[in-house]
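Undergrad: For reference, Swiss-Prot lists these features for the protein:
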- SER102: active site, phosphoserine intermediate (ACT_SITE)
- SER102, ASP241, ASP243, ASP245: Mg(2+) binding site (BINDING)
- SER102: phosphoserine (MOD_RES)
Amino acid sequence: MSNRKYFGTDGIRGRVGDAPITPDFVLKLGWAAGKVLARHGSRKIIIGKDTRISGYMLESALEAGLAAAGLSALFTGPMPTPAVAYLTRTFRAEAGIVISASHNPFYDNGIKFFSIDGTKLPDAVEEAIEAEMEKEISCVDSAELGKASRIVDAAGRYIEFCKATFPNELSLSELKIVVDCANGATYHIAPNVLRELGANVIAIGCEPNGVNINAEVGATDVRALQARVLAEKADLGIAFDGDGDRVIMVDHEGNKVDGDQIMYIIAREGLRQGQLRGGAVGTLMSNMGLELALKQLGIPFARAKVGDRYVLEKMQEKGWRIGAENSGHVILLDKTTTGDGIVAGLQVLAAMARNHMSLHDLCSGMKMFPQILVNVRYTAGSGDPLEHESVKAVTAEVETALGSRGRVLLRKSGTEPLIRVMVEGEDEAQVTEFAHRIADAVKAV
């Protein structure tokens, strides 16, 4: 990814109004993408977005660029990222485009692409789009210009798809669920899916106004969900992020259940049902407790680099069907082509219904190691803090102290100028002290 000018690990992302998330850039991006994708013969592109106010501006710019290249845009309106992947497949569109910055604040936005099969766009196609961006815009003949239309039943189509991943013989009629949609793209999808499957649903974070996406709600901040689950005496809570590709859950006692625990539940249930093929893929950030719990079940486990595209690559490399990040990206290739928060949540609910067990009890087979994550902001272009001798020295000291019962991981964020410092071990006070010691060394560089 290092030779890319625009595309990062998850498309193109930034603050709205600052390069590259500007109307003129996005218009040209639409044109360049159209020029590359038109070579493959199809003239349709699905465009979805989350609930950010800037989505209106950016979808208009994209549509203008695509039309100039001779491609037609099909708008879904606010729609979860995995829904765009699904609709791209079912419409046989040449590609899908999502306008979203996922879990970021409203003032950020981004553009990411799906290929015709609902997977992330291949590197070669992204590189071809970047090459096209260097050229001057040229417009096709007037008779060949693209058009724009709306998919009026997009939400209903995706709701039915989600429900179809839940076993027909099961129902959610015995469950009281608080669902938190982060004032994002799942606000009109997830509550309806759960209600139609029989659940008693209390919905929060379902009043988007363009600027409140991910604001103290959703998968990145479950405090409101935890409080509501306890207040309502609900069986559990489910939180999605702004674009619906992540899910985090909360049990009836208010405990957070992250992506590692969700994958453990789904993998164990797959094993019990005789449906698990191969092992499970986590990341360098996955908890040691997950690895040990899967090992006890005889389920192979592999770690990929952080990022859902790398999880998917490792899954494809090994021929495995389940992968996840602890942040809540869960990829179930027997059900979907990309991370899907609603579909992953439904598989956990199916395990609860089938086994008549609470979420708390389903998690009990996995002991989480204390894991402390500290984010340190640095000035982009000021050198690599991870290569500084003082940082290396402190990191080595901590690794020696932890021995084989802990881990240290330092990595750069793929989307922001942040160094993520993660320390994991058996003693929470110790790993907290170690994490802040390394973070202080990074700050001092």
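Heads up, the Cβ atoms here are built off N, Cα and C, so glycines get one too.
Describe each of these features in terms of where it is and what it packs against.
TA: Within its own chain, SER102 (active site, phosphoserine intermediate) has ASP10, ASP50, THR81, GLY110, ASP241, GLY242, ASP243, ASP245, ARG246 as residues 6 or more apart in sequence whose C-beta sits under 8 angstroms from its own.
In the shown protein chains, 32 other C-beta atoms lie within 10 A of the C-beta of ASP245 (Mg(2+) binding site).
In three-state terms derived from DSSP, SER102 (active site, phosphoserine intermediate) belongs to neither a helical nor a strand segment and is classed as coil.
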Undergrad: Specify all same-chain residues, apart from the site residues SER102, ASP241, ASP243, ASP245, whose Cβ lies within 8 angstroms of the center of the Cβ atoms of the Mg(2+) site, ordered by sequence.
TA: ASP50, PRO80, THR81, SER100, HIS103, GLY184, ALA185, ALA219, PHE240, GLY242, GLY244, ARG246, GLY341
Undergrad: Let me know how many other Cβ atoms fall within 10 Å of the Cβ of ASP243 (Mg(2+) binding site).
TA: 35
